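Structure first, then comments.
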């Protein structure tokens, strides 16, 4: 069994936030892979299903970001799983918008949701980081992370979410390199591109208060089933 946890903040107020891209990714998998209806358990919304012959639990913690580990840890212990049986999907300022990276273990990078999961589950779980870019100025980071994606972001965002949902079997089977290649090709990146070097992080700061290298997302054609959902989500919002 595998737990796939998407991180975000609960409620319609935060639904379109960049910080909620983890929720969006899990919603896309749920929509594409034919899971059960969402229900409430473990301080979270959960749905059960099967991907690539493996039983999978999708989970969206409803504790708010900083306490995400309470929900994921409770589910892990209930099903008698180990950190290796968990995949966490979340936003990453260190990555250009639309890029993705996956790894096992590592530091929390100032992300309070990851810090909480580390505390409740240990560190040796898989982390799928989805780039949301950086606004370029430290003072704008908080508003950027807790602000909605702009209409101009919908094309790459739709492609990214579609690709994750379509290739969820790769995520479940641990075919990480293949999945990264699929995402890079779908979002206009280079499959083997080297991840840019991030500046040294300051201890004790939340990632929404850090200054990081600025990078602008590419505009891509809006295609795929997720496009309509995103248009509904952001249609009434300005850029």
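In case you wondered, yes, glycine gets a Cβ from its N, Cα and C as well.
Straight from Swiss-Prot, the features:
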SITE      9  site 'Discriminates between blocked and unblocked aminoacyl-tRNA'
BINDING   14, 64, 66, 112  tRNA binding site
ACT_SITE  19  active site, proton acceptor
SITE      91  site 'Stabilizes the basic form of H active site to accept a proton'
REGION    188-225  region 'Disordered'
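The structure, with features from Swiss-Prot marked on it.
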residue	record	Cβ contacts under 8 Å, 6 or more apart
9	site 'Discriminates between blocked and unblocked aminoacyl-tRNA'	17, 19, 20, 64, 65
14	tRNA binding site	8, 20, 146
66	tRNA binding site	112, 113, 115, 116
91	site 'Stabilizes the basic form of H active site to accept a proton'	7, 18, 19, 20, 21, 22, 111, 129, 130, 132, 145
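Take the mean position of the Cβ atoms of 14, 64, 66, 112, the recorded tRNA site; other residues of that chain with a Cβ within 8 Å of it are 9, 19, 63, 65, 67, 68, 113.
In three-state terms derived from DSSP, residue 66 (tRNA binding site) belongs to a helical segment. Within 10 Å of the C-beta of residue 64 (tRNA binding site) we count 15 further C-beta atoms, all protein chains included. Secondary structure at residue 19 (active site, proton acceptor), as computed by DSSP, is helix.
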